[in-house]
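**Student:** One structure, as structure tokens, below. Some questions next.
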Amino acid sequence: MAFELPKLPYPANALEPHIDEATMNIHHGKHHNTYVTKLNAALEGHSALAEKSIEALVSDLDAVPENIRTAVRNNGGGHANHTLFWQILSPNGGGAPTGELADAINAEFGSFDQFKEKFADAAANRFGSGWAWLVVNDGKLEITSTPNQDTPLMEGKTPILGLDVWEHAYYLNYQNRRPDYISAFWNVVNWDEVAKRYNEAK
């Protein structure tokens, strides 16, 4: 079964002014769609791999034949990362986490503000293209970043919050001001979705 581009869970203009409609249309409809198209092309003739979930596929790249492994890593990673990204954003987002996730963030990072600072540092200091992540690793929260379209799933970690810092994610609106984009991100984080993923992963 071929992988498919998921629909956005909100209109393309719903995250404005923090993430603009033009960026969303290009980012989702062009960039993410291209990852899906190229992933399906790479997996032609490999039906057993194509039937896996995207998470299972990128979690076990050693099972992917060497001649298509790079294509699956890049495009499968891009599909997995963006599928999560759209879900953890919301026009009704922002604020702060509550419940067990809030307790875990405070225990691991000292406070929500300290967590945001460390996460923003990971995003701002990721050289070139990549992602910043909040992951669950052996039941504990960690902040990490990955290059290109690599996903923490490739390292056995479960991402629950991700920020795309490829220039295509922000350049139309923010140009070279990546820190401004990172600051705007906090206004649209869907903490209910992040908490759900935390509870499933811990």
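Placed from the backbone N, Cα and C atoms, the Cβ positions cover glycine too.
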**Student:** Given that Swiss-Prot lists HIS82, ASP164, HIS168 as binding Mn(2+), which residue among HIS18, HIS27 does it place in the same site?
**Tutor:** HIS27
**Student:** What same-chain residues, at least 6 away in sequence, bring their CB to under 8 Å of the CB of THR70 (phosphothreonine)?
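**Tutor:** Listed in sequence order, there are none.
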**Student:** Using the centroid of the Cβ atoms of HIS27, HIS82, ASP164, HIS168 as reference, list every other same-chain residue with Cβ within 8 Å of it (recorded Mn(2+) site), in sequence order.
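**Tutor:** Surrounding the site, in chain order, are HIS28, HIS31, HIS32, PHE85, TRP166, ALA169.
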**Student:** Which one of these binding-site residues, HIS27, HIS82, HIS168, has the sparsest Cβ neighbourhood, judged by other Cβ atoms within 10 angstroms?
**Tutor:** HIS168
**Student:** Give me the CA-CA distance between HIS82 (Mn(2+) binding site) and THR34 (phosphothreonine), in Å, as a whole number.
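**Tutor:** Rounded to a whole number, the Cα-Cα distance is 12 Å.
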**Student:** Which secondary structure state does DSSP assign to HIS82 (Mn(2+) binding site), in the simple three-class scheme?
**Tutor:** helix
